[in-house]
Amino acid sequence: MSAKIIDGKQVAQTIRNQVAAQVQQRLAQGKRAPGLAVILVGVDPASQVYVGSKRRACEEVGFISRSYDLSATASQEELLALIDRLNDDADVDGILVQLPLPAHCDTTQVLERIRPDKDVDGFHPYNVGRLAQRIPALRPCTPKGIMTLIETTGVKTHGLHAVVVGASNIVGRPMTLELLLAGCTTTTCHRFTQDLEQQVRRADLLVVAVGKPNFIPGEWVKPGALVIDVGINRLADGSLVGDVEFETARNHASFITPVPGGVGPMTVASLMENTLSACQDYHDQAL
């Protein structure tokens, strides 16, 4: 059996088209376009690529995009002051601080400074807590995008045994919460997990987010499993691979995301959805 490939690019394009149509509808009603402020500290090449893709997506859907590029030596006080100004700006619906930050910045303090109703990345403890309480508001973008991809397969998640490999605050932990909300029996594996192979082999739904190339051997994948590969790793020859050994895994799985072109585009598409939601759900009423 060969798995069906879940085309994240296509699904993400559909979402962007839907968001763009809603923006045009807003403008036709005399309402303003949603606004997203993107803050980049320093000149990390990978971060610049990610920020560029987010800015292009804003242009495509018709958002007002604002860019704030601070030097790597900018103080935490400068960054917090900028966030405070954007929190008070009625034309800004979403504030995104590109991670990672320079070592002298306290990431937790910076993310907590963003107003929860403008936290379109979904990283604020308030929004993660809402998800844990089963009343999600602005949901973390990558897990949100993954749930959208799973929905497109038609696979019913209730009762599935889901395994998440990786426990980061950005993907692994909120992904576990999303899968619990979707009715899965969910196991989270991390650096201290003793029996990783056995856990992976039991997974009806496998999500891997560790940032290590081909970390999960394809033969570990349970026959018929749905595999979501969040990792994107560049090898010495310049090629991109995920955290799962793709060619072997696709012969076991029923559905699998490719790398690139799987989860990555969905993260940005979910950011567009969150920004529109923040505008409509929280800020329109303030006008």
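In case you wondered, yes, glycine gets a Cβ from its N, Cα and C as well.
Here Swiss-Prot flags Gly166, Ala167, Ser168, Ile232 as NADP(+) binding site, drawing on sequence analysis.
Sequence-distant neighbours of Ile232 (NADP(+) binding site) (same chain, 6+ residues apart, CB-CB distance under 8 A): Leu240, Gly242, Val259, Pro260, Gly264. In sequence order, Gly172, Cys189, His190, Val207, Val208, Ala209, Val210, Gly211, Val230, Asp243 are the residues near Gly166 (NADP(+) binding site), counting only same-chain partners six or more apart with C-beta under 8 A. In sequence order, Ala209 constitute the residues six or more apart from Ser168 (NADP(+) binding site) in its chain with CB-CB distances below 8 Å. The binding residues for NADP(+) are recorded as Gly166, Ala167, Ser168, Ile232; their greatest pairwise CA distance is 16 Å. In the shown protein chains, 18 other C-beta atoms lie within 10 A of the C-beta of Ala167 (NADP(+) binding site). For the recorded site, Ala167 (NADP(+) binding site), the DSSP three-state label reads coil.
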